[in-house]
Amino acid sequence: MSLAVNPADNLAALIRCASVTPAEGGALTALEAMLKPMGFSVERPVFHDEDTPDIENLYARKSGNGPHLMFAGHTDVVPPGNEGDWKHPPFSAAIEDGVMYGRGAVDMKGGVACFVAAVARHIEKHGSIKGSVSFLITGDEEGPAINGTVKLLDWAKQRGESWDASIVGEPSNPNALGDAIKIGRRGSLSGTITVHGVQGHAAYPHLAENPVRGITTLVDSLLYPAFDQGTANFQASNLEVTSIDVGNKATNVIANKATASFNIRFNDTWTAETLQAEIIARLEKAARDNRLRPGRETPIKYELTWREHPSHVFLTRDEKLIGTLTDSVEAVTGKRPELSTSGGTSDARFIKDYCPVVEFGLVGQTMHMVDERVALADLEGLTQIYERFIADFFG
């Protein structure tokens, strides 16, 4: 049986599986069919949690004597939206002018397809690998991320698995293949502020207490001054207000409650705990120093709730992993990639607790968009980078 050496063929097989979270959609079955002929053992545990859908995952390993490299990623995708808006059907893997179209083409079935092809090519050329390679693939990255990578890592550890390094195949490049390797991620912390007032007629504000006055005051205290100016490896921490709501459609009524939600992406100046303390201190001062109605003695009354499980900031410093991948990228693309910590969170935030981890994949410009697509030349380029990395990593 021929091995899965062609990344475009691999990707087409994966795209044709409509694996919108939480559906497996046949994607893990297609991946298993690529891995087993190469001698991988494959297991597909299903994880459960209260009030969340069951999620099927895949863990595959090909064992050898030497270091253990994990490739991590996901085969689930976001919904395509209105399929009529697509140039080609989102699960058709249509090719036009050297470009493959389909949901998940870059995020991140393309990365999976390329790493499979890279391993297959290495085995065809060398017969074996001087170490162990595993695939840790979830179907829950685009969803709640509760029954996916975080549980799959623990499941594997309980079975005696350990890893020396990991690559996550997320689309790390902003504009062109070889732009950037992600060597860390900012932390993420979310919360909701609720201010309680007294409902009343807009024409008689002295009889009411407007919570909008309070919520804007508290929000303003979180926006200014800036939390920091950035660090050597990370950009400045940034808080965004994601919603403000009073649940009031009447224009002549002062609402009795207002809420504001926020998210902050933070750098290594902070831990989640120290940042929470800073936010609480700012809110306490703003609430103490201001009133819902001029002349009132009572400070602003508010509640603060945190979203569970904040993501912690991390930075990978493993010289072998970063250096080998950087050299591989340069050898194929001719340029030295930036070592970046920008962007949002990924499942690397879970893997960092088990082994050094970096992210490198395709160009992310069309991820989650209508007409998500990837150039076939980029698929070949990424496969060559991965193949060179595998050869050099295992020596």
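Using N, Cα and C of the backbone, Cβ positions are placed for all residues, glycine too.
Under the DSSP three-state reduction, Asp76 (active site) is assigned to coil, being neither helix nor strand. The active site annotation in Swiss-Prot covers Asp76.
Among the features that Swiss-Prot reports, active site, proton acceptor is placed at Glu141, with the record citing sequence analysis. Around the Cβ of Glu141 (active site, proton acceptor), the same chain contributes Thr21, Gly73, His74, Asp76, Gly148, Thr149, Ser346, Asp347, each under 8 angstroms and 6 or more positions distant in sequence. Mapped onto three states, the DSSP output places Glu141 (active site, proton acceptor) in coil.
In this structure, Asp107 (Zn(2+) 1 binding site) belongs to neither helix nor strand by DSSP; it is coil. Sequence-distant neighbours of Asp107 (Zn(2+) 1 binding site) (same chain, six or more apart, CB under 8 Å from its CB) are Val77, Val78, Glu170, Pro171, Gly364, Met367, His368, Glu372, listed in sequence order. Residues annotated as Zn(2+) 1 binding site in Swiss-Prot, with sequence analysis given as evidence: His74, Asp107, Glu170.
As annotated by Swiss-Prot, Zn(2+) 2 binding site applies to Asp107, Glu142, His368, with the evidence given as sequence analysis.
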- Fewest other CB within 10 angstroms, which one of the binding-site residues His74, His368? His368
- Task: Which residue among the recorded positions Asp76, Glu142, Glu170 has the fewest other Cβ atoms within 10 Å of its Cβ, if you could check?
- Result: Glu142
- Query: Taking the centroid of the Cβ atoms of Asp107, Glu142, His368 as the Zn(2+) 2 site, which other residues of that chain lie with their Cβ within 8 Å of it, listed in sequence order?
  - Reply: Val77, Val78, Gly104, Met108, Met367
